[in-house]
Amino acid sequence: MVEMLPTAILLVLAVSVVAKDNATCDGPCGLRFRQNPQGGVRIVGGKAAQHGAWPWMVSLQIFTYNSHRYHTCGGSLLNSRWVLTAAHCFVGKNNVHDWRLVFGAKEITYGNNKPVKAPLQERYVEKIIIHEKYNSATEGNDIALVEITPPISCGRFIGPGCLPHFKAGLPRGSQSCWVAGWGYIEEKAPRPSSILMEARVDLIDLDLCNSTQWYNGRVQPTNVCAGYPVGKIDTCQGDSGGPLMCKDSKESAYVVVGITSWGVGCARAKRPGIYTATWPYLNWIASKIGSNALRMIQSATPPPPTTRPPPIRPPFSHPISAHLPWYFQPPPRPLPPRPPAAQPRPPPSPPPPPPPPASPLPPPPPPPPPTPSSTTKLPQGLSFAKRLQQLIEVLKGKTYSDGKNHYDMETTELPELTSTS
């Protein structure tokens with residue numbers, strides 16, 4: 001006991017020095033000043049986090065006309081002026097005068113209308129920057145930055161979180177990480193939790209998370225999937241915008257690798273939480289807060305690359321309702337049912353009707369009347385008188401001669417006509 005006392009005193013002094021040197025939020029990032037040795041079991045129905053366990057946790061609260069404040073989303077403090085959160089928190093609520101941000105809190109009062117007390121700090125919103133390509137239908141690029149005023153003072157319970165190094169890549173594998181927030185402790189809770197909750201979650205392979213019986217292709221390459229296949233432990237409504245944090249393998253710092261974005265229900269089997277990965281947006285963050293400010297909050301020792309940069313692909317093409325998953329609500333479009341093993345072939349389409357004729361053809365000319373069959377060929381070139389004489393001779397059964405030709409005529413017996421009188 002005597003030998004351990006100096007060590008404990010040194011730890012307290014070290015934390016005090018870090019807090020003092022970090023008054024301008026320019027000191028080391030991702031340091032947990034206080035930790036629960038047992039750890040919180042889960043956010044949904046779990047245990048409370050220790051005060052100062054996650055010093056970069058921020059409560060984003062709607063500020064009403066009568067000065068009441070209502071917790072809406074979580075966020076991560078990056079430095080004395082900037083907070084990282086989710087873009088969908090500001091849909092329909094992007095007026096800077098409607099927001100107040102609370103720092104260094106373990107417990108918050110829903111609907112509070114009184115100024116916060118130390119060590120808590122409250123700040124106004126100077127600017128809200130939503131990603132230019134944020135898609136509210138698919139929750140693509142669900143990331144935003146909030147500039148606060150006046151700048152925050154870091155200290156015993158307030159400190160900046162870390163962001164991944166450029167060489168880190170997307171978080172993958174069976175790594176255990178943490179989530180925290182003031183969200184609902186059960187899916188149908190009447191309001192968010194007043195106590196900051198924490199939970200340990202596992203990273204889930206994106207291909208498994210996107211499989212047919214899970215999210216069926218709705219998870220994008222810039223997302224991180226975290227939770228458990230059986231559910232039971234998850235983020236919930238009110239945790240949106242809060243951090244997904246993984247411990248650096250070479251340091252004691254925690255890195256914000258994801259932003260709570262969306263999910264179907266809370267803690268359901270095969271419906272884990274979906275987070276916006278921070279690594280693909282490092283350049284975007286640097287363009288807003290400055291490259292030097294970003295370098296200040298990146299891990300000192302870059303880990304070896306784990307994945308290549310994600311390919312750019314168009315947003316998910318399934319039609320989804322424009323209604324947002326507010327407070328981490330389930331996306332309104334239900335998962336499409338799994339198709340049966342064998343789909344019947346569709347019936348053949350009927351043949352198209354024959355095209356109408358261009359124009360009716362004229363009827364063919366009538367065939368010439370048949371010539372009367374006769375074994376007697378009349379001479380050609382005879383005058384009417386001679387032809388008449390020839391006809392008379394034929395009727396009489398005589399032979400006709402025109403002086404040049406001699407013709408034998410067959411006699412045709414005609415029946416005698418009898419009078420009916």
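Just so you know, glycine gets a Cβ as well, placed from its N, Cα and C.
The disulfide bond recorded by Swiss-Prot for CYS177 joins it to CYS246 [selected from CYS89, CYS225, CYS236, CYS246]. Which of CYS225, CYS236 pairs with CYS209 is settled by Swiss-Prot: its disulfide partner is CYS225. Taking the disulfide-bonded residues CYS89, CYS209 in turn and counting surrounding C-beta atoms within 10 angstroms, the largest count is reached at CYS89. Rounded to a whole value, the Cα-Cα separation of CYS246 (disulfide bond) and CYS73 (disulfide bond) is 20 Å.
Set side by side, the disulfide-bonded residues CYS73, CYS225, CYS236, CYS246, CYS266 differ in how many other CB atoms lie within 10 angstroms of their CB, and the most is found at CYS73. Within 10 Å (C-alpha to C-alpha) of CYS225 (disulfide bond) lie the following recorded positions from CYS73, CYS89, CYS177, ASN210, CYS236, CYS266: ASN210. Counting only same-chain residues at least 6 apart in sequence, those with a Cβ under 8 Å from the Cβ of ASN210 (N-linked glycosylation site) are ASN216, GLY217, ARG218, VAL219.
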